[in-house]
Amino acid sequence: MNFSKLQPLGWSNYFLQQMALADTLTENGPQPFRISAIYRSRIDAIGEDGEQTLMCPDHFLPVSQHIAVGDWVLARKRHEHLYIENILMAKNRIERYSGHEHQLIAANLDYLWIVTSANEDFNLKRLQRYLALAYEFSVEPVVILTKTDLGNKEAYLKQIRSLSISEVHGVCAHQVETLAPLSAYFHPGNTIALVGSSGVGKSTLVNLVSKGEQLTREIRSDDGKGKHTTTSRQLFFSEQQVAFIDTPGMRELQLPGAMEGIRQVFAEIDALAHECKFSDCRHDEEPGCAVQAAITNGSLSEEQFASYQKLLKEDAFLQRRDAGTYAMKQQQRAFAKMVNSHKKEKW
Ligand SMILES: Nc1nc2c(ncn2[C@@H]2O[C@H](COP(=O)(O)OP(=O)(O)OP(=O)(O)O)[C@@H](O)[C@H]2O)c(=O)[nH]1
Ligand SMILES: [Mg+2]
Ligand SMILES: [Zn+2]
């Protein structure tokens, strides 16, 4: 195996260690591949010798719940086909609830680009959800405001900066110079996933910065809403050896067990809660409630507090409904943290 060929694809010691632990570093052992696309009846991946199609055994079905684009897997050739044998533990994975199940979005990310456009589509509450997603799954969020030719850029940026996020950029597809600051995220071997509503310009942006050819389509001019053009998650590499994962626009984002992430988005409320007289204060009508006091003196807006409560309530509901999966996920995260702390360097 030539691991140096895998490094530009995002391979690192973290994965090599897992192969060693599982005793799969042998001459005739399985080979590592990075999942690049998952279709209804096909899984594409990239390995040492380029693109391959992988077969998925029944115990990893449904695929969307077991394997994410960006995952590393080990596969072995049998009867002319490559069969997936193991899914290597990811550094991180983001997922959401869709319908009644959790759905993997992308894995092994360095940055989550949360894309939103400077027009009527802009929604601060939705941004808070995306931020909670990033924090919960330990991926650094970057908010990118697109289509700055269409709206008051500074007014939108000011709203975004009111959230607990430092990495914010405004870009316009027709002014390439606005894209220059984004190159700060382009380190060889890095992976960046783009998420956001349909039509905000994710594929356009990724085309421009990677010089690739992802499909985009005309937007309906009357209501500014996009058509669903990107239909599946896809990973591809830019000239700078950065992996981009373009995703189809999400109509709604339901958070899966993201309490820690939500708390981080609303850090100021969390800090206030520590000042409440009772440690189990529900910030309702209890005496000595610092949160209610802040609302009364105007330092915390009622709307902000309502968003926080709404997200936590939704989160608690989903967690109760899905207690088993949640416990398993916590365990996996603890394991990933442990392995990470043993090996900090990239490769
Ligand atoms: N005015 C303006 N239009 C833009 C800009 N960026 C993208 N668009 C247009 O917005 C429309 C939608 O862009 P896409 O890149 O397909 O959007 P998307 O986020 O990938 O959409 P989905 O794949 O459906 O999730 C296209 O018609 C683009 O030309 C911009 O900076 N300014
Ligand atoms: Mg798209
Ligand atoms: Zn309180």
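Keep in mind that glycine also has a Cβ here, set from the backbone N, Cα and C atoms.
Per TrEMBL, the features are:
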type    : residues                                                                                               : note
BINDING : Thr146, Lys147, Thr148, Asp149, Gly196, Ser197, Ser198, Gly199, Val200, Gly201, Lys202, Ser203, Thr204 : GTP binding site
BINDING : Cys276, Cys281, His283, Cys289                                                                         : Zn(2+) binding site
DOMAIN  : 101-253                                                                                                : domain 'CP-type G'
DOMAIN  : 107-251                                                                                                : domain 'EngC GTPase'
I'm checking region-level scores; what's the whole-number mean pLDDT for the domain 'CP-type G' (101-253)?
87
Taking the Cβ of Thr148 (GTP binding site) as centre, how many other Cβ atoms lie within 10 Å?
22
Which binding-site residues of Thr148, Val200, Thr204, His283 contact ligand 2 in the sense of C-beta under 6 Å?
none
Diameter of the GTP binding set by C-alpha atoms, the set being Thr146, Lys147, Thr148, Asp149, Gly196, Ser197, Ser198, Gly199, Val200, Gly201, Lys202, Ser203, Thr204, in angstrom:
19
Let me know the most crowded of the binding-site residues, choosing from Lys202, His283 and counting other Cβ atoms within 10 Å.
Lys202
Report the binding-site residues (Thr146, Gly196, Val200, Thr204) that meet this criterion: Cβ distance to the nearest atom of ligand 3 under 6 Å. Use sequence order and write none if nothing qualifies.
none
Binding-site residues near ligand 1 among Val200, Cys276, Cys281, His283, Cys289 (Cβ under 6 Å):
Val200
